[in-house]
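Take a look at the structure set out below.
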Amino acid sequence: MFELLGITPQGLAAQLLVGLINGSFYAILSLGLAIIFGLLNIINFSHGAQYTMGAFIAWIGLTQVGQWFGFPDFSINYWFALILVPLVMAGFGLILERTMLKRLYHLDHLYGLLLTFGLALIIEGMFRHWYGISGESYPAPELLQGVIPLESIGIILPKYRLWVVIASLVVCFSTWYVIERTKLGSYLRAGTENPKLLQAFGINVPLMISLAYAYGVGLAGFAGVLAAPIFQVNPLMGSNLIIVVFAVVVIGGMGSIMGSILTGLALGLIEGLTKVFYPEASGVVIFVIMAIVLLIRPAGLFGREK
Amino acid sequence: MSLKIKLLYGILVLIALLLPFQDFIYLVFAMKVLCFALFACAFNLLLGFTGLLSFGHAAFFGTAAYITAYFCKEAGLSPELGVVLGVLGSGILGFLIGSLAIRRQGIYFAMVTLALSQMVYFLAVQLPFTGGEDGIQGVPRGMLFGLIDLKDDVSMYYFVLAIFLLGFALIVRTVHSPFGQVLKAIRENEPRAVSLGYDVDRFKLMSFVISAALSGLAGSMKSLVFQLATLTDVHWHMSGEVVLMTLLGGMGTILGPVVGAGIVVGLQNYLANIGSWSTIATGFIFVVCVLAFRRGVVGEITHFFKSKS
Amino acid sequence: MALEVKNLESWYGESHILHGVNFAVRDGEVVTLLGRNGAGRSTILKTILGLTSKRTGSVEIYGNQTIALPTYKIARLGVGFCPEERGIFASLSAEENLLLLPEISSGGMGLDEIYEMFPNLYERRNSPGTRLSGGEQQMLAMARILRTGAKLLLLDEITEGLAPVIVQKLGEVVTSLRNKGFTIVLVEQNFRFAAPLADRHYVVEHGNVVEVVNQNELTEKASLLNEYLGV
Amino acid sequence: QTSKVSGDVIKIGVLTDLSSIYSDLAGPGAVIAAKMAIADFSKDGTVIGKKIELLSADHQNKADIAANKAREWYDKDGVDVIVELVSTNVALAVMEVAEQKNKITLVSGAASLPITNEKCTANNVHWTYDTYALSNGTAKAVVKQGKKNWYFLSADYAFGAALERDATNVINANGGKVLGTSKHPFPNSDFSSYLLKAQASGADVVALANAGQDTINSVKQASEFGINKKQTVVPLLMFISDVHSLGLSAAQGMFLTEGFYWDKDDKTRAFAKRFILQHKRMPTSVQAGVYSSVLAYLAAVQKAGTDDTQAVMKVLKSTNIDDGLFKGKIRADGKFEHDMYLLEVKKPSESTSPWDYYNVKAVIPAAEATQPLSLSRCKLVTNK
Amino acid sequence: MPIDGYKDLGLQETILKTIGLGKTFKGFSAVSDVNLDVTRGTIHALIGPNGAGKTTCFNLLTKFLEPSSGQILFNGLDITKERPAQIARRGVVRSFQISAVFPHLTVLENVRVALQRGLGTEFHFWKSGNSLNVLNERAEELLCEVGLADFAHEETLNLAYGRKRALEIATTMAMEPELMLLDEPTQGMGHEDVERVTELIDRVAKGRTILMVEHNMKVVSSIADRITVLQRGSVLAEGSYQEVSNNPLVVEAYMGTHGGDGA
Ligand SMILES: Nc1ncnc2c1ncn2[C@@H]1O[C@H](COP(=O)(O)OP(=O)(O)OP(=O)(O)O)[C@@H](O)[C@H]1O
Ligand SMILES: Nc1ncnc2c1ncn2[C@@H]1O[C@H](COP(=O)(O)OP(=O)(O)OP(=O)(O)O)[C@@H](O)[C@H]1O
Ligand SMILES: CC(C)C[C@H](N)C(=O)O
Ligand SMILES: [Mg+2]
Ligand SMILES: [Mg+2]
């Protein structure tokens, strides 16, 4: 059989598909980060923790809420959680923004990063304290359990993973459309640069900023729910991911919406291939790419040069 | 330097000198604080006085730690030579990373340094001589200049203290030197400095290399004090920690990083036993600091006295 | 009354800049604020829009008390602002900058009309905003508020860095705006430019209005102005 | 010349991972186990008339923090023995310090064979299990079932390598073959690429040479990709806490090797019942090992009549241990040689009560579960 | 072909010469085929409508931008390939359209930063800062010249705008430039300041050459010896103020009917 570097074409196709799945998580998380960075000038270090929180809330909804209120049979199912959790997270984001982040806008990026870093520690610590480190498992919804056996071409694809790719692509691209192709988008970009002035032109910038943060956090929550059935729901699931997602945002170009989506997907693929051909390096490949990109294109692949 | 400040420094040095004559503070703890204080000061030279936020300083700290540990253990080198090699190594690494990174600014500079230091981390995991996850353990402290046995914590302490004071003095001197003056000008208005004929990149690079080498000095000392070098030393958490120390103490202040290092190391030590609560507590401290004490401890104190007078 | 300012005080952080400013502009009038560098003229405009960190006193715009309103609501009362550093957005193209501002009320100029007025802008419309030359940015800053339909214009040093021909053109623009019934507060360094345009001149010094000069008093008070402004 | 008991008190330090990735399998539960051991040893908390004190600290799984704490404990707080020490790198670092300071370490959580092999020290006992035992339990049993072709997913660090190496030896020795290995970064959350490779390799067995969260995620994703249908997934190291969070439906049918299972006999059940009252979770083998090691240490102090390191070590190494949880003796290289159990995870339908997770498939006799001294590279053994 | 200028150095009439200088930004040509000839010892003004390419020209001359075409000769020497800092060290020093000072240094320190290069200790990080005090005298002299002597120890941040411009000129002079490039030095200044700065420029021009961009015709007419008018990136006219201001093309494109009495 025809083989390339010890791997069959079918195998390669499967690997690319799997890479794409990871890429969708990168895309959806880095999209949230990019929106927040773009508008608030804050590097939202707690993004990972908020993703974790999304997964945990979904799990709590499914298995715990009923008991809390004395109706052991009551539970919030996956589909419901997929809508509810992002909303809850957005509300949480709104509170954070109104009470804390708001005070940091006039300062260096650094402070936002430190504050959200602190928040991440608190959130992570709480879940660790309540639910331990090993985490909890969350079953995929009935509808999406099982695999799509494409054995003729040697690929077995879990239905759920396919759903993840579709769901996140839809969310990513509709977000992109709203931001880049509508008036709202130019407000967002202008607001990034000079929020005070934009206000003087009659735009409710504080509200816009709050909503943007809430939306970003909501996206993290959404990604959390999507991830819950794949990965163990555990307090560290986000912090392991977040550094990589930062790199994605930087490679894509900080604040560039399309950049973060495409780079997220592409890096998922590249990382997947690295895992096949040189697995030891899969942890570092993204950083190598980041260094190269920044040296060649300082503003990132899709970033605007200042 | 005003008289008052000289007096303050005098008292601090005196306290440091007398430290071994008590039982309350554990000497190894004090040495750890000194190592990290030096590290934070070196970092602050870059952040506070050159305006460059590096998110990859662990690379220098860790590289020197590994080099010193390796040569002292495997080649049986004396501690002073081990330290010199460590500093040299991190200085060269600083030159390499710096030459790439200083071409970028702001948040991108931070990210390039992070990326490059992740590669150093990767190398540390993969190269055989670092001992992977186990690190290099059981590094002998050896005989300083072939004379003083550093196995004894007290002599080791004085060695660390001397190195710290040397490094600290060098940093203070650098900040106020002609070189430091140009750095300050660059930080304030880079294009203007260029138009005055200063080759800005060379200044930034130089400052980067000095900072890297001194961070390396701190790392080398640390590996002797604890007699081990591990992945923790090159991990990005370490880079984050030094940012925290500097910020908490007050960036751009001379003494701030020292205080910050003291607080952070102390917290780590005393919060260590409460498990997940310690994470929560650290997070809480971050949040409170950023919201309420932004100038850092030393910065707030100076500000208080300034606004009173 | 389009704008009435009473006892206006204002701060940037700790520093107290305005100390009780009073003046009023009727509908359709053009007034200038004159003064030395640092007198506080720009600060008056910013304070009217609530852009300083703290303010007290009274500002009425078309009869609405605005002292406690957030900036964006003030703007929506029909205020157009052209700031002194021009405030062009770098991440938007020239045309996006132009189209950015929401229309506050009907009666704004159309895009064609604007490009006709400033042909430079048409030529550079797809460049990133801050890549325009200094003067082009100035034109853009002025042009974009004409689109919004705002009737009260606060203009801060609009002739700064412009070639004499363009300055002349701006003079014509202001005159025509005035004829269309706009109300304009002009902060100017360039007295020759401002003198023939305005109904009234207010002289600002150390955060206070220290003198009012009407159009018809210009000649008799020339020496006074000279003393204040060195004109 | 000096008092028989240093500092007039017996101090036991539990140095463990209280907050990081291994805090569920060791962590706070290990501290509770140590407390129980002290309470069980003497009602008034004394041994040879001296008070017993317990300290605990979090090493966050980092060798430097652990070494630092150990140094401080031995130097400043007068700690006599440090127990638990999950993670090989931590254990090795602390053993090094202990050797310098002439104090004792009793390792329970760390797994790698080198602890009593090339890196052995005279003042250390490796209590609960090691990679040799794991391989000789699970790997041997599976090869003997006729599943000869293996593919490894190994965590890319010392422990993963050690486990892979030991298991490979066993596989080769029993006529099996290793077809390939994927080294994954540690920690890692997505295993799908590696699993696909394992699937493509056509091996009978996909062996997991990793631990904790990594194992859980690999097992979970293996079942998601349907790998467990055609191939056998074998976690070389898995604790009951892992099975608990994985859930039986994903874990059912897997083989694993443990040094302790709470539901083995009346004595273990009695211990477990008391433990769960305090900790809300069943003891893991590591936690049980901590209990056993503290108990044995106190007994040795009593017997020696002093806390002098050499004297205590001598007693420890010359006394048979049988506390109801573990039974065996400590060898010259510091390995506590005892039986291990080959367990099979129950199907959800077989499980009748909470934490009823395993069928005991076989008892692996101590001799088989421990590397023979003749192969040892420990300096204490080879020098003789 | 680079011209070998060493031969008649010192006698050289022309201090700065550009040959066919051009710059395009993504197809838009901001400056094209500009041939400038700046005579030693003169004040040469560069004027032109907005967007004509004046600032871009400055950026090219000081290499803040890379020319797309053409050559720059300074004292007959081809400096087209040199780096910005190098050019500054040759004696071509610029000021900025937007005021450029070091805000958190004192006024004296601002000037000292420029003088410091002369000591050659700029990389000496081990030397005491006090070693710079030898420069204070010269710095104070320079401040005196621009009328800032009383503000020497003020933090620059607190200076009024006009004074910042004066400081900038003092700093530029500290470089002992042969050629000073000033970009709209009077922009945004009150009348008194404009007059003071105009006078100042006239004064410091002694023994130097100045190339300036300026929209204020009063300033240009009173001090400029020679004027080049740019339009759409190319030279429209050149000559004395009289010649230029009577050129109908210039009047139409730039001066307007009021002539140059902008301020
Ligand atoms: N953002 C700010 N923070 C603190 N002080 C400020 C700020 N902006 C202006 N000032 C100070 O307020 C005073 C008035 O400034 P303002 O800009 O209103 O002056 P102006 O009359 O417009 O003069 P100019 O001709 O310089 O624009 C000045 O002393 C100035 O230093
Ligand atoms: N970096 C750039 N990218 C794209 N276009 C540019 C850039 N810099 C300048 N331009 C364009 O080049 C032309 C010349 O600009 P320049 O700044 O040199 O004008 P100027 O003569 O200084 O005008 P002003 O008097 O208004 O300051 C302008 O049309 C401007 O839009
Ligand atoms: C499974 C873990 C408790 C073992 C640990 N990873 C070690 O290195 O020994
Ligand atoms: Mg102003
Ligand atoms: Mg210009």
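Even glycines carry a Cβ here, placed using N, Cα and C.
Those TrEMBL annotations? Automatic predictions, nothing curated.
Taken from TrEMBL, the feature transmembrane segment covers A:12-39 (among others).
According to TrEMBL, the transmembrane segment annotation covers A:51-70 (among others).
As annotated by TrEMBL, transmembrane segment applies to A:76-97 (among others). Residues of the same chain lying 6 or more positions beyond the ends of the transmembrane segment (A:76-97) and with a Cβ under 8 Å from any Cβ of it are 40, 50, 53-54, 57-58, 61-62, 65, 119, 140-141, 209-211, 213-222, 224-226, 229.
Positions annotated as transmembrane segment by TrEMBL: A:109-131 (among others).
TrEMBL lists A:160-179 (among others) with the feature transmembrane segment.
The transmembrane segment annotation in TrEMBL covers A:200-230 (among others). Non-local neighbours of the transmembrane segment (A:200-230) in the same chain are 25, 28-29, 31-33, 35-36, 38-40, 44, 47-48, 50-59, 78, 81-82, 85-94, 96-98, 101-102, 105, 138-141, 144, 160-161, 164, 167-168, 171, 175, 187-188, 191, 237-238; each lies 6+ residues outside the stretch with a CB under 8 Å from one of its CB atoms.
Per TrEMBL, the feature transmembrane segment maps to A:242-270 (among others).
Annotation comment: TrEMBL describes A:277-296 (among others) as transmembrane segment. Here the transmembrane segment (A:277-296) has long-range neighbours at 5, 244, 247-248, 250-251, 267, 270-271, meaning same-chain residues at least 6 beyond its ends whose C-beta is under 8 angstroms from one of its own.
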Paired segments the transmembrane segment (A:160-179) and the transmembrane segment (A:242-270) in contact, 3+ CB pairs under 8 A: yes
Long-range environment of the transmembrane segment (A:12-39) - Cβ separation under 8 angstroms, sequence gap at least 6: 4, 47-48, 51, 153-157, 161, 164-165, 168-169, 171-172, 175-176, 179, 188-189, 191-192, 208-209, 212-213, 215-220, 222-223, 226-227, 241-242, 244-246, 248-249, 252, 254-257, 259-273, 275-276
Residues from the same chain, set at least six apart from the ends of the transmembrane segment (A:109-131), whose C-beta lies under 8 A from its own: 40-50, 52-53, 56, 96, 100-101, 234-236, 238-239, 242
Distant-in-sequence neighbours of the transmembrane segment (A:242-270), which means Cβ under 8 A and at least six residues beyond its ends: 16, 19-31, 33-35, 37-38, 43, 45, 47-48, 120, 172-173, 175-176, 179-180, 192, 285-287, 289-290, 293-294, 299-304
